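Enquirer: One structure follows; several queries about it will come next.
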Amino acid sequence: MTSEAAPASTAVTYKRVMLKISGEALMGDQGYGLHPPTVQRIAREVQAVHRLGVEICMVIGGGNIFRGLQGSAQGMERTTADYMGMLATVMNALAMQAALESLGIFTRVISAIPMDQVCEPYIRRRAVRHLEKKRVCIFAAGTGNPYFTTDTAATLRANEMACQAIFKGTKVDGVYDKDPRKFADAKRYETVSYDECLQKHLGVMDASAIALARDNDLPIIVFSLDEPGGFCGILRGEGTYTRVQG
């Protein structure tokens, strides 16, 4: 396996980033599960950024397989439902690892819940070393605790890994004052503050994740994962997105 990176002279906005995507992003047009061509397409987007020399962390949700809140709403104990959701994120992480490694990118799946035969346990210093060696680190199983979302896990790991920004890949090209898929007059923000996101319930991330980013001055870049080259373009200073900051 080879792992190509761009020359050090390549101009990029950030040197180490966290990419957060939902589990639903992996299911394509299906209503459930994994759509291998979609997983491969996202992996190629990550590959393009990796070639710039950027160190990449990832967190992937599990909603395409199981969502803890939905299980809880249907009568399942919340803690059990959340653990099931965490296991779903491990499945998605392994699928993404396979896709990235098929493109020649060394990748490590790092789980907050130990499962040594499947992936590595989370050890912060080891994970940092993987990044320094230009390996993609996919953090799975959330924080390892129920009642915390993968958005919060992504923000926590981004801070622990000293990422310079969180990139939140979504279905739309930024943060809007209302759903642009339903309202033609929806306005996209170029920048928006953490507090405004919380006060107006703009749906960027859950409140705990936004507060954790705010308290550590960690910007959140919201962009469309469906836009070819969008992730790479933003790191080159191009593209359409919303920046959430103080």
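Placement of Cβ uses the backbone N, Cα and C atoms for every residue, glycine included.
I grabbed these lines from Swiss-Prot:
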BINDING   Lys20, Ile21, Ser22, Gly23, Gly63, Arg67, Thr170, Tyr176, Asp179  ATP binding site
BINDING   Gly62, Asp82, Thr143, Gly144, Asn145, Pro146, Tyr147, Phe148, Thr149, Thr150  UMP binding site
REGION    28-33  region 'Involved in allosteric activation by GTP'
Enquirer: Test of understanding: give the count of other CB atoms lying within 10 angstroms of the CB of Gly63 (ATP binding site).
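Expert: I count 21 other Cβ atoms within 10 Å of it.
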Enquirer: Quick one: mean pLDDT on the region 'Involved in allosteric activation by GTP' (28-33)?
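Expert: Taking every residue of the region 'Involved in allosteric activation by GTP' (28-33) together, the mean pLDDT is 89.
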Enquirer: Specify the nearest of the binding-site residues Ser22, Thr170, Asp179 to Asn145 (UMP binding site), where nearness means the distance between Cα atoms.
Expert: Ser22
Enquirer: Spatially, which candidate from the binding-site residues Thr143, Tyr147, Thr149 is nearest to Gly63 (ATP binding site), comparing Cα atoms?
Expert: Thr149
Enquirer: With DSSP as the reference, give the number of residues of the region 'Involved in allosteric activation by GTP' (28-33) in helix, strand and coil.
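Expert: Final tally across the stretch: 0 helix, 0 strand, 6 coil.
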Enquirer: Validating a neighbour-count step here. Other CB atoms within 10 A of the CB of Tyr147 (UMP binding site): how many?
Expert: 12
Enquirer: Want to know which binding-site residues, from Gly62, Thr143, Tyr147, Thr149, are within 10 Å of Ser22 (ATP binding site) at Cα; which are they?
Expert: Gly62
Enquirer: For Thr149 (UMP binding site), which residues in the same chain are close in space, meaning a Cβ under 8 Å from its Cβ, but six or more apart along the sequence?
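Expert: In sequence order, the residues whose Cβ lies under 8 Å from that of Thr149 (UMP binding site) (at least 6 apart) are Gly142, Met205, Asp206, Ser208, Ala209.
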